[in-house]
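Visitor: Here you go, one structure.
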Amino acid sequence: MDLLINVGLPLSLAIIMLSLGIGLEAADFRRVLTRGYPFAIGAISQVVLIPLAAFTTVTMFGLPAEIAVGVMLLSFCPGGVTSNILAKFAKGDVALSVSLTAVISLLSIVTVPILAAWSIDYFMGETAPEVSIGALATALFLITTLPVAIGVSIRHFAKEFAVRIDNPLSTLASILFVLIVLAALAGNWQFFIENLSSIGAALIALNIALLLIGLGLARIAKLTWEEAKTISVETGIQNSAMGITLAALITGTTTGFSPLAVPAAVYGITMYVVVTPFILWFRNR
């Protein structure tokens, strides 16, 4: 189990992030400058409003400390790598979706460690595991930022090769994502069963709220309908694999998968169920 968590989990996330990077080009980052306003609205939604909504949810539902921290860790993570595909299905602004996913993923090595340390201290108090912000930032750099940078470099310097491996790598990333979610649930099965009703209700409520918050903010900001749909999807879809890995990095591997990983694992399943009606609605408007 230790080998699976210490090696398999970070390696799997690194491959998922490499898959994200392979699909990116320099233009996806430059777009932040040329389309700064819609990007800023999306960034505010992801970096500020998602954690606020998560904090409100765990408080309203009165979730136990470990579950509350797990939900908060998930909320600090960037958008899921599948959000770009879902934005396309929704007939949204795929270019904006790609830019948001790419840039927020890179920013996460700064924002996530600081926010994670705060949330653990706030909810768990004296029982909180010690969190080294520097060590956590370094680990996230190695397994998220660096693979994305490598993927972008491959795309830039060997585009034909990148195009050739893009689909197989995306398929592998999807398989690894499913395995990470299942492993996190299996490793905390009793905890999952005992808390399923509270976790499920809270996460479904949070997911619906996030989709509506993203859509509402974009409409208030007078963005186009395509941009609004995209920001809604980007706000509602989180990188659950990163949330699970983050929980493991924080708590270590002495007792297997941490209960802190359970909310991210559950959200990794429920978010696709919740977002599907929204996608179908978006496609027809």
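Cβ atoms are placed via backbone N, Cα and C, with glycine included.
What TrEMBL says about a protein is an automatic prediction, not a curated fact.
The transmembrane segment annotation in TrEMBL covers 6-27, 39-61, 67-87, 94-120, 132-157, 169-193, 199-218, 239-258, 264-282.
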Visitor: Near the transmembrane segment (169-193), which residues from the same chain, at least 6 beyond its ends, have a CB less than 8 A from one of its CBs?
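Guide: Sequence-remote neighbours of the transmembrane segment (169-193) are 1, 4, 9, 12-13, 15-16, 18-20, 22-23, 81-82, 199, 240-241, 244-245, 247, 256-259, 261-262, 264-266, 268-269.
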Visitor: Please report, as numbers and ranges, the same-chain residues at least 6 past the borders of the transmembrane segment (132-157) whose CB is under 8 Å from any CB of it.
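Guide: Hits for the transmembrane segment (132-157): 10-11, 13-15, 17-26, 102, 105-106, 108-110, 112-114, 116-117, 242, 245-246, 249-250.
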Visitor: Between the transmembrane segment (94-120) and the transmembrane segment (67-87), are there at least three Cβ pairs closer than 8 Å, leaving out pairs fewer than 6 positions apart?
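Guide: Per Cβ check, the transmembrane segment (94-120) touches the transmembrane segment (67-87).
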